[in-house]
């Protein structure tokens, strides 16, 4: 399919789409039949890129034909933030970089940009006086003076233009550096360049205002009064005409993101939608989201049109206004002809400084929408990672003990064999705070395999999420005792709650003594070799070499994840060991099907769920952790393959905790944890432990 700026939409038959090979254009966008002009949107947004993530909730199950599309609040008008909130969010988003590890280089580069901006202002003032003398010589028909002034003009151009170019290059380089840092920090790309541009524009406006005001006062003071009245009146009218643009821009960012999210959702669930026969419902939902974006964009274009009527007239009137004001002085012989040109130039400079809101209103409104959206996202992050000690007491606490550390002294033989201890654990749902598990206490020792059973919705998977640290809402303590831990204190103990919020979500996942296998394994983008080595050996996923020049300019882009794990990382398996792992899980035939270990493919599409589950067990056998948590990890396998895999991990000396409904799993476990649905009317325990 050739690259096109048209989203094709009407005649989509989802059942006919290959689930693993949807047609895409060069922008990685699904090409669906309604004319859709991205370049017009980009013109409207002044090169702003909308946030890539939608504000909607994660993907729901595919809609069946019997279900009716639910109405959403996408069209509900949203009240924009007040100015104090907007400035607070701007500071909150913009400030961290200037206090980061890159702050010294960033501040030096920012100072150089400001210095170059001062230089360009001085050059502009020089051009103003050169223009006056040049046109005076022309009006006086003084050929010798004209030739002299022309040579001065050309020399000034030769010396001044490089300063303007270097200033712009330095500004864009600093913006790239800032953007790169923020990409690591937020994974957000549409903020920094415009933020820096606005800051420097404001600085340049202040310097211009000071420099050219003296010139204008020296020529004709009433002209400065005319300028003030004209610019302030224009600003007031611009604010009145464009007051709705901020909200419209915000809603457009959201609605376009929602529309793209719907397209991605169809791509990820195309096969399931086809089996359900839910094509018509999906098309209706997508068309509704498209109409929402289209109608909002129509309102945005109308508001922009009304503003353009005024701004274009405002812009072109200033070409004759200063000349009209000073013309009587020229006709009376009080000023020379070149002074008219000088006054026009100075008037335009100062008026541009006073009229920032008029000229930049659409850009400011779009930028405000981005600040509002990103600031709101940052506020949500703050609420989910609070340093409040009172809130920390109401969280589930995870503790890791390094049993290989020389300072670790077990109290008895049971402690020496202990892998996992749960004390008085109460699990709540993160959003509604519904009680799922009440006051659970249990211990899992080496080779003491545990089976977790219970009806659907009773909280089995939620318990695993709490153990994995994905859910922290509740109370109680979870202690792991295994070989590898996060960065250890001197006593060999690390608590997640004692780690800073910046590292909280990543550091404790470096704990290599525990492995988690979900029901649907995650297939990375890469080769079959990379599938097997994920996630224990992350270095192999980065197959591209870093450009040393780029790393030198932007040191924070250098991947340091490998050094953090350090010696805690097991020795990487060789090719023979990878092949044996595939054969151990009955996947040896993949080597011939895909021509070896180094073939790249869309593995989530070309492998069945059963094959993906067996591949996940191959990862497990290669990593050899002390403890593995299996969340219905054999649900897509027949009983023979299930028994084979359990026997393999048992023979490897790996202790496992399984969630499952099959009675065939009982023979592979030593004890069972039965969880029942919580009765909210009574405060009784909803669990029991029994031997098998």
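Including glycine, each Cβ sits where the backbone N, Cα and C put it.
Here the structure is a predicted model, which means the values were calculated and not measured.
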Under TrEMBL, which of the candidate ranges 55-78, 79-102, 223-246, 247-270 is annotated transmembrane segment?
223-246
For the record in TrEMBL, which of the ranges 10-45, 46-81 is the region 'Disordered' one?
46-81
Range annotated transmembrane segment in TrEMBL (choices 150-170, 276-296) is 150-170
Confidence summary (mean pLDDT) of the domain 'ABC transporter' (420-692)
80
